């Protein structure tokens, strides 16, 4: 009954991944991001991650797998997803939704830390403000974006962009794969 729809969805996902893989810059950016994150951890730094909606879930998933574990047991790594409901509701109410991530970065970010900002469109105003706050703190910035990178294009030390212009879920599917690869590479870098 829905077999054609299922095949079409899986084929589109495979095509999106194939297009992402065609650009060697993406592979190099993932490797550079993993090394940057591991170097931050080795130097006593941490990663703060943020995003909205599904990207927020990806930010939490990234932090959880760093503080917990991925595939193998190992020490936890310092990662915080900006997801505290009381913080988000307080800042959202008192300052505005666009400030929910930047206020947190201002409060706990420091030089040597890394911000991972995730936005499928690259146009999330609150993530863009978090990037600006991270820069003011002397932090490094990694972004996961989609489409043409939106307003976030060119704002990061390392941008990993999924050049897909359809629905956001295809971009999110690549983002979560990139997140898993980053964790795998970080684990390898941490034991060097």
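Glycine is no exception: its Cβ is also placed from the backbone N, Cα and C atoms.
Taking the domain 'SIS' (37-192) as a whole, pLDDT averages 98 in the prediction. The annotation domain 'SIS' is assigned in Swiss-Prot to 37-192.
Summarising the annotation, Swiss-Prot assigns substrate binding site to 52, 53, 54, 65, 93, 94, 119, 120, 121, 124, 172 and lists sequence analysis as the type of evidence. According to its DSSP assignment, residue 93 (substrate binding site) is helical. Taking the Cβ of residue 93 (substrate binding site) as reference, no residue of its chain lies under 8 Å away while being at least six apart in sequence.
DSSP gives residue 172 (substrate binding site) a helix state. Taken from Swiss-Prot, the feature Zn(2+) binding site covers 61, 65, 172, 180, and the record attributes it to sequence analysis.
Under DSSP, residue 54 (substrate binding site) is assigned to a helix (H, G or I) in the three-state scheme. When the binding-site residues 52, 119, 121, 172 are scored by other C-beta atoms within 10 Å, 119 scores highest. Between the CA atoms of residue 119 (substrate binding site) and residue 61 (Zn(2+) binding site) there is a gap of 15 Å, rounded to the nearest whole number. A gap of 13 Å separates the Cα atoms of residue 52 (substrate binding site) and residue 61 (Zn(2+) binding site).
The secondary structure of residue 65 (Zn(2+) binding site), as reduced to three states from DSSP, is helical. Cα spacing between residue 121 (substrate binding site) and residue 65 (Zn(2+) binding site): 24 Å, rounded to the nearest whole number.
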